[in-house]
Amino acid sequence: MNFLSVLSVLLLLGAANATALEHPRTLIPRAPLPPAEFSVPITGKVPRRKSKSNALARRGHLGGGGGYTSIVDGTLGDNEFVTNVTIGGQHFSLIIDTGSSDTWAIQKGFQCLSADGTRVPQSTCGFGSSGFDVNGSTTFQPSNLSFLGAYGNGWSVAGPVGYDTVAIGGLSVEHQLVPIPNAAYYTGDGVNSGVLGLAFPTVTSVYNTTDPANATTENHLLYNPFFFTAVKEKKVKHPYFSLTLDRGTFQQRENDTFDANLGLLSFGGISPVAVVEPCVTVPIQGYSTNSTGSITPSDSPDAQYFWYTVDVANYGIAGSAELLTGSNNTILDSGTGLNNVPPDVAAAFAAAFNPPAVLTNLTAGLELYVVDCNATAPEFLVHIGGKTFSIDPQDQIVPLGADAQGNEICVSGTQGGTLTNNPNGILILGDVFFHNVVITFNPIDGEVTITQRAKY
């Protein structure tokens, strides 16, 4: 099977068959968020996908009510998080991804392929299970659709699409469209069996053809992903999902590859953790797309949503003058470990360590601010929607592992973005930020609510 690049296809399509989104124009005061009421522990771990960095570069080039909660596990050094998802009564560990929309699990008997399309042993793909068994589900219904998902480093998964019951942490949706790819060029971790996509219908990857090799712009079919279906069918009283990521101790991050119960994924309300002021609800940034696939931030009513991107007014360091550089193009991304901010902000923050962090060429093409693992980190401030959110200094010294001489290497949790030579380049607030806040997403109304966590 020949895999096709579908990224430009996804960005050029409208949302005719999916839930419509209204573009908010101003900040609107909101009532307190309802709590999520149902929690379930899960187990699992997943190394960070090598495609993440390339996917981010790709993005920059392209310009009280009933709730349900799943406990999130993850690998701190690798910054991917998984939760248990049941499809047709079969259990899988899926990557939680707020940057993609399709929820899929690899199919039993799949073909694992090399980069040139040659068939290789299934173990090469590194999935965490034998895959979804269509004959093992009494609720599975086939379709005449196909799925073609492409990742930033060229990895692809493709195959048929069906309908089945999907359940996460007690939240269950029947007859949900679910891709079950039977071919993959993929290098997994031995844990995850696919992806739980929580982004917008705009970036789904399903086509009105039985053969994904025939996928085109014309037969691209938008649909409502899992959470959008849950809201449409009133499976949740409120259109929220909430993500809370807990930090481990420095010793855990330094020595352990896995922490269980690393956080919460909640549906229908805010995750049940202790929070304090401030709290603010802000609109998600929309984008306009031109004929070449390039995107620019836009406040137009016709703008489309791709990611959970917000305006950052500016940044600050506690005890010093405010840094006035901000970005209206900053993604809230749980799949990225470090913050990526404007270079001048990262440089000023690095200089505030005691001793200062030093910009170091770690490998070819990779420069990071390296810091003494026993340094004193400053408190970092992020200003969003007229509110100031604080990042605990303990999140700002991140162990990477040992060098060839056995010396521990640590880096600053806040690094300079690599895309800021483009005024529309995309920056990121990653896990370092998520450890200090609860982010509650409202994709239906195009908003996110950020709430400061209590110290822990």
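Just so you know, the numbers here start at 1 and follow the chain as drawn.
Glycine residues also receive a Cβ, built from the backbone N, Cα and C atoms like all the rest.
TrEMBL does not curate its annotations; it predicts them automatically.
Here is what TrEMBL records for this protein:
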ACT_SITE  Asp97  active site
ACT_SITE  Asp333  active site
DOMAIN    81-451  domain 'Peptidase A1'
SIGNAL    1-18  signal peptide
Open item on the list: I'd like to know which of the active-site residues Asp97, Asp333 has the most other Cβ atoms within 10 Å of its Cβ.
Closed with: Asp333
Task: Secondary-structure category, per DSSP, in which Asp333 (active site) falls - done: coil
TODO: Indicate whether Asp97 (active site) is helix, strand or coil by DSSP.
DONE: strand
